[in-house]
Structure formats: structure tokens, C-alpha cells
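J.: Dumping the structure here so I can ask a few things about it.
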Amino acid sequence: RENFIHLCNPHLEKMKEDILYHFALGTGTHDFPALFGDVKFVCVGGSPSRMKAFIAYIAEELGLGSPGCDYPNICAGTDRYAMYKVGPVLSVSHGMGIPSISIMLHELIKLLYHAKCSNITIIRIGTSGGIGLEPGSVVITRQSVDATFKPQLEQVVLGKTVIRSTNLDEQLARELMQCSKEIGQFNTVIGNTMCTLDFYEGQGRLDGAICLYNEEEKLQYLKKAYDSGVRNIEMESSVFAAMCNLSGVKAAVVCVTLLNRLEGDQISSSHDVLVEYQQRPQKLVGYFIKKCLEK
């Protein structure tokens, strides 16, 4: 059964042209079905360079590109986001934090709608701070929770508070977990992910420019998060889950942990170790995509 993108905006149908400003794309200047109609998998992550590396990796895994092949940035007309495509896979950067990924997702969802894409799976791949896990562990998110451990996104729309669900697709999470078992190269868990509004105080760090709490209070908070099921902390998953839910898109969040926050606040691993850690979500999602396409 074809599952098309659901747009929660009746106003778009009345527009003669839809300009995706932050992508430097538009329905009046680009043929979206021709450019993107075959897309089935969308992977999003913070860094443009990481998403370019991912598209090169997935091209090799799927046998769709030659070694050393360069993949042009589809959004070269802007410096806000980067987008790359190979076969049925789209790779898009989203920057850092809820506002940045929110803007990108509004335009990405419209792009997929205008392209008449169906049966889409969107996966966020990224880095995070772990809680009670060895650095390098991969967390597949069950629910994105806020800083009070509630599975919700609180937004203010027209001056009113709107609460949106941040659950993610359970079956997709289980399928990704099975893929990790088949790979057998790194520790992977399914757990809740806490999405915060900033990197320092919002995550209970002691090393920011401002910190008005002590180490004991920090550890109490992080242990409370762990007891509630939280296994990692990042800054994008809540709005990602909420927007994918509203658009009827199957979605997952797969993040590697760069440190155990119960043992410190600063990332001290070497560059080479961090590069290898960052490749773990790519390997897992690449394996999953290849497995799906081989069915």
C-alpha cells in the first residue's frame, strides 16, 4: 500500500509556487518528481561534511557509485543546509538544535510531498552524550523526552502552548536493533533520548560560561534521567519525532554516545576514535537500507 506524505497545512494547495527558501529550491524552478520521486530513505544529521561522507558510504554499499566519485550539493545555492542524493537515498544536514532542524524538516517534508514520494523512512543519525553507557555505544531512540522526562514537545503557536507527541516507530527501532546484532561490531541499546534546548546548562554540564548548581545536583539529575529510561542526550530528536508523526512518516533516531555523562562533561577521546564512533550510526543505517532494498 502506498503511504504518501500527509501535509498538515491546507494553505499550501492555494499557492501557485512553493519556494523552499533555505534549500534554494522551488516548485516553479525545479521538477520535484523528476529530481526526488524515487526517494525511499532520508537520512539527516547535523554536519554537512558528515552527510556528504554518508552519501559516499551508502553509494559504495549499494554499488551505485565509483570510488572517489564526487556528489554535488543539491542545495549549493544556499549555505544553510546541504543535500546529497544517490539512488533512493537522500542525505541532508540539519544544523544544531531544535530551531535549525525544525526549519529544515518543514521544507524537507514539503519537498517529499511535492515529489509525490511514498513509503518514506526518515532516520536521524548523529552524536550524543550517553548516560550509563560506554562511549561509542549506539542508542536507538524509543521515545524522545524533554528535560522533565516527558515524551512530548512543547511549542508556542500563536501565543498558545501546543503539546505534541514524540514517540518513534517501535517496529523500525526493533528492525534497526536486529541489524546491529547482525553486524555485531558495537554495543547498541534501545532507550529514551532526552532532547534539550542547549548544550551546557540544559544538559547539566559544569563547564559552561554559566553554571549555578553543583556537581552533586548535576549527578542527581542525570541519575534520575537514567532511572526514567534515558540513555542519551542530544538537541534535535523531539521536534524530529513530532513533525514526522504529524506527517505520517516512519522515523527513527540513531545516535552514538561520545562520552558517559556520569563520568564527566568534556569529550576527551582522540580525533581518530571520535571519527570511528561517528561512523557507527552510518554503518548501522547503511546496513538497514541495504537489507531493505534487497528484500
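Placement of Cβ uses the backbone N, Cα and C atoms for every residue, glycine included.
TrEMBL: automatically predicted annotations, no manual curation.
What TrEMBL shows for this protein is this:
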type: BINDING; residues: R80, R124, I125, G126, T127; note: phosphate binding site
type: BINDING; residues: Q203, R205; note: substrate binding site
type: DOMAIN; residues: 40-289; note: domain 'Nucleoside phosphorylase'
J.: Round to a whole number and give the Cα-to-Cα distance in Å for the pair R80 (phosphate binding site) and Q203 (substrate binding site).
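T.: Q203 (substrate binding site) has its Cα 26 Å from the Cα of R80 (phosphate binding site).
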J.: Determine, to the nearest whole angstrom, how far the Cα atom of R205 (substrate binding site) is from the Cα atom of T127 (phosphate binding site).
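T.: Cα to Cα, R205 (substrate binding site) and T127 (phosphate binding site) are separated by 17 Å.
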J.: So what's the average pLDDT for the domain 'Nucleoside phosphorylase' (40-289)?
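T.: Averaged over the domain 'Nucleoside phosphorylase' (40-289), per-residue pLDDT gives 97.
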J.: Whole-number answer please: how many Å between the C-alpha atoms of R124 (phosphate binding site) and Q203 (substrate binding site)?
T.: 20
J.: Rounded to an integer, what is the Cα-Cα distance in Å between G126 (phosphate binding site) and Q203 (substrate binding site)?
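T.: Answer for this pair: 17 Å between alpha carbons.
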J.: Express the distance between the Cα positions of Q203 (substrate binding site) and I125 (phosphate binding site) as a whole number of Å.
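T.: Cα-Cα, rounded: 20 Å.
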